[in-house]
Amino acid sequence: MSVSSRPGRRRFALIPSAGTGTRAGGDLPKQYQPLAGRPMLWHTVQAFLASAAIDRVVVVTSPGAPALAARFPGLGFDAARLVEVDCGGDSRHASVTNGLAALRGLGAHEDDWVLVHDAARPGLTPALIARLVGAVEADGGQAVGGILALPVADTLKRADAGQHIAETVPRGGLWQAQTPQMFPLGLLQRALSEALTAQRIVTDEASAIEAAGHRPLLVAGALRNFKVTYPDDFALAEAILAGAAPTQEDSQA
């Protein structure tokens, strides 16, 4: 299956969805647990499918897993712009690396943009995607990329070994990273490969890009774009998706 023919640099969403999400509880990986009547992953995918800025959406699932369209029939997982690749690894790093290779196989180019997004951030909206894409592409032809993020608002405490407060950490200049994280395909592949060679643990794509000597752009995200991690997070996510909680696109911490 080939990619679309948008003039210039194309944009691909890459959603690693091979994780187990054990902290969220439940019998299924959290991205497949029901949220507002549909699998959490469905809400995440729909934000990208509803975005005119995205050429194709690629979901990375576990090797041998049932196809999403068969597992969740009638929910649009067979959409023309959606591709599922069952090449997930044993870590996010591995799943993203394998997903980028799969994009190459689909015909994506070195300079095409890739927006990597957590499957467990179902509060993403097309407006937030457009904000990130617009800000990164306005950064110039040599833009290295950028991420959605929020300035830290809470007071931060560093704990000692006994879980007592050791110190207060100044929050000035600190941001809480979100996703999507948007980078050129080739640059991101090289950065992740270098991190693996150096046995460097990277918790997101921006960490690898930073370690390679680049400075990604910080673009204001939104509170609704939080990561579902613990059992109590499901109720909050459902409230946001139902419109029962503040959902202003520009809301910040």
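Glycine residues also receive a Cβ, built from the backbone N, Cα and C atoms like all the rest.
Quick look at what Swiss-Prot lists:
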REGION    1-28  region 'Disordered'
SITE      Arg23  site 'Transition state stabilizer'
SITE      Lys30  site 'Transition state stabilizer'
SITE      Arg171  site 'Positions MEP for the nucleophilic attack'
SITE      Lys227  site 'Positions MEP for the nucleophilic attack'
Least crowded of the recorded sites Lys30, Arg171, Lys227, counting other Cβ atoms within 10 Å of each Cβ, is Arg171
In whole Å, how far does the CA atom of Lys227 (site 'Positions MEP for the nucleophilic attack') lie from that of Arg171 (site 'Positions MEP for the nucleophilic attack')? 21
Lys30 (site 'Transition state stabilizer') and Arg171 (site 'Positions MEP for the nucleophilic attack'), Cα-Cα, nearest whole angstrom: 31
